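Trainee: Pasting the relevant annotations from TrEMBL:
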{"type": "COILED", "residues": "71-118", "note": "coiled coil"}
{"type": "COMPBIAS", "residues": "176-185", "note": "compositional bias 'Basic and acidic residues'"}
{"type": "COMPBIAS", "residues": "196-205", "note": "compositional bias 'Gly residues'"}
{"type": "DOMAIN", "residues": "119-187", "note": "domain 'J'"}
{"type": "REGION", "residues": "176-212", "note": "region 'Disordered'"}
{"type": "REPEAT", "residues": "65-98", "note": "repeat 'TPR'"}
Amino acid sequence: CQLCVFLRYQEAIEKYESVMRTEPNVPFYTKKAKERICFCLVKMNSAEEAVDICSEAHQRDPKNIHVLRDRAEAYILLQEYEKAVEDYQEAREFDQENQELREGLDRAQKLLKVSRKRDYYKILGVSRSANKQEIIKAYRKLAQQWHPDNFQSEVDKKEAEKKFIDIASAKEVLTDPEMRQKFDSGEDPLDPENQQGGGGGGGGSREWPFGFNPFDGGNFHFKFNFN
């Protein structure tokens, strides 16, 4: 279970901290303990604390690729993709042949590219570790807030329509395990550039949520489907 895993990492951190208290004058033990605590915190999704500890470990051991890798993963959790790319690049300077680092750098670069387009987590205001229930709750709140029928002027209504579509797209991607996995790997599953086959711009067959096509003319009629 997820809680069991969390508790195991928490227990490991306590043991490493105990080592540092017991042997405060042995730099090697402190260095290794901070490295492992850094790793555990990332696995626990404690991203901000992980960055702090990983940075301390990096100062003690600047060429440690594991520390750089783990801090990069913490930055990814914080959606600070440029810093994640920098850490993976620095780690690769010390080990060009490491496949894990190569794959991590590729993923961080893809996430950075995606973040400069649409970030579905940011659209819904949820963390990258959010579960389906949290995602749906955030979606419902924002969908009600930005429903175009709530706005009177044409300018406000157009802005609401755009946000409404983004909110619906975010919910579509993040509640579908396969699509979410693609997005977490740095690929936007709704980006036409990433669609396979279907020449001529994908054939225009994409189904829009809530039973409307935002590019049709005339008045819109929005329907909610909160499931």
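Glycine is no exception: its Cβ is also placed from the backbone N, Cα and C atoms.
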Trainee: If you average pLDDT over the domain 'J' (119-187), what do you get?
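Mentor: Over the domain 'J' (119-187), the predicted model scores a mean pLDDT of 94.
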Trainee: Quick check on the domain 'J' (119-187): DSSP residue counts for helix, strand, coil, in that order please.
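Mentor: Breakdown, helix to coil: 51 helix, 0 strand, 18 coil.
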Trainee: List the helix, strand and coil residue totals of the repeat 'TPR' (65-98) as derived from DSSP.
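Mentor: Tallied per class, the repeat 'TPR' (65-98) gives 27 helix, 0 strand, 7 coil.
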